[in-house]
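K.L.:
Below is a structure I'd like to ask you about.
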Amino acid sequence: GEPIRVLVTGAAGQIAYSLLYSIAKGDVFGKDQPLTLVLLDITPVMTVLDGIVMELQDCALPLLREVIPTDKEEVAFKDLDIAILVGSMPRKEGMERKDLLQANSKIFKSQGAALDKYAKKTVKVVVVGNPANTNCLIASKSAPSIPKENFSCLTRLDHNRAKSQIALKLGVSANDVKNVIIWGNHSSTQYPDVTHAKVNVKGKEVGVYEAIKDDSWLKGDFILTVQQRGAAVIKARKLSSAMSAAKAICDHVRDIWFGTPPGEFVSMGVISDGNSYGVPEDLLYSFPVVIKDKTWKFVEGLPINDFSREKMNLTAKELIEEKETAVQFLSSA
């Protein structure tokens, strides 16, 4: 077959180091899909990229047709089938969230414009770099000729974290847990919701609340653990999540490419337009979705109780504030 063109930005970074091998060996696009990997990063780390190119060559991977390292947007974004935007300005000590937004709104405005100008109109764009939801919204707004639905941001890591916390609590495999939901922002206001989740216990599928029989844990420590897991990893490892982030990116992109399994939904940050859950329009908000033919749809008709509603509104409020801040920076830029 024809190779597909896959871009990874921030390609000299930690997440990419775990991610590139998985993509190149066929974990994401399948074992018979050849690919060209395009690696974008900033000029000072181009020698690091050269080392990564050597390593990818040395893996002797049959699917990998070409690796293109670059620091130029016009090279990186040309004719892309998929763009995985991992690179962003990380939060440094003493930085306010709004400083982070200001630095990143410039990057994602520029990359959105480059997508608009050089990439295929069918390109799928996945934003990982934080603040992921708002960065993704900015990229989408800066690429008016690419459908908004083609943009998504990563909340799959939070989704996987939620799944695994339930599995650990019940002593089952993570595969036995399905249909957890992450609502809202990829931040500590996100709402991990297991009201609609199911778990397979001894061959029988039951609701998570019924299986765990500990509502105070599910409404308390469980939610806090998932919300604050990223910070806990940084505290322990002195570095942010990389292996687990890379795995989540693979899951997210593979589901876009091949669709979600029957009877299962996943969490993805997507444009909120036309949702039936009362989330304001024009936000990049994490919803439960099903995917078929590379197209996602909201999971409709899930009943929302008062506890959930309050948490969903709270994270929407944060996203509205972030969007307003980012839009100010963009209009003054």
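Even glycines carry a Cβ here, placed using N, Cα and C.
Bear in mind that the values here come from a model prediction, so they are computed numbers and not experimental data.
Just lifted these from TrEMBL, have a look:
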- His186: active site, proton acceptor (ACT_SITE)
- Asp41, Asn104, Val128, Gly129, Asn130: NAD(+) binding site (BINDING)
- Arg91, Arg97, Asn130, Arg161: substrate binding site (BINDING)
- 5-151: domain 'Lactate/malate dehydrogenase N-terminal' (DOMAIN)
- 155-329: domain 'Lactate/malate dehydrogenase C-terminal' (DOMAIN)
K.L.:
Round to a whole number and give the Cα-to-Cα distance in Å for the pair Asn130 (NAD(+) binding site) and His186 (active site, proton acceptor).
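P.N.:
A Cα-Cα distance of 8 Å.
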K.L.:
Between Asp41 (NAD(+) binding site) and Arg161 (substrate binding site), find the distance joining the two CA atoms and give it rounded to the nearest Å.
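P.N.:
One finds 28 Å between the Cα atoms of these residues.
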K.L.:
Using DSSP, what is the helix/strand/coil residue split across the domain 'Lactate/malate dehydrogenase N-terminal' (5-151)?
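P.N.:
Taking each residue of the domain 'Lactate/malate dehydrogenase N-terminal' (5-151) in turn, the totals are 66 helix, 27 strand, 54 coil.
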K.L.:
I want to check the contact list for Gly129 (NAD(+) binding site): same chain, sequence separation of six or more, C-beta distance under 8 angstroms. What comes out?
P.N.:
Thr9, Gly10, Leu85, Val86, Gly87, Ser88, Met89, Asn104, Ile107, Phe108, Asn135
K.L.:
Spatially speaking, which of the recorded positions Arg91, Arg97, Arg161, His186 is closest to Val128 (NAD(+) binding site)? Use C-alpha to C-alpha, please.
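P.N.:
That would be His186, the closest of Arg91, Arg97, Arg161, His186 to Val128 (NAD(+) binding site).
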K.L.:
Around the C-beta of Arg161 (substrate binding site), how many further C-beta atoms are within 10 angstroms, looking at every protein chain?
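P.N.:
Arg161 (substrate binding site) is surrounded by 22 other Cβ atoms within 10 Å.
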K.L.:
What residues, ordered by sequence, lie under 8 A Cβ-to-Cβ from Arg97 (substrate binding site) and sit at least six positions away in the same chain?
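P.N.:
Same-chain residues close to Arg97 (substrate binding site) (Cβ under 8 Å, separated by 6 or more) are Arg91, Pro131, Glu322.
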K.L.:
To the nearest whole angstrom, what is the C-alpha distance linking His186 (active site, proton acceptor) and Arg161 (substrate binding site)?
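P.N.:
That separation, Cα to Cα, works out to 12 Å.
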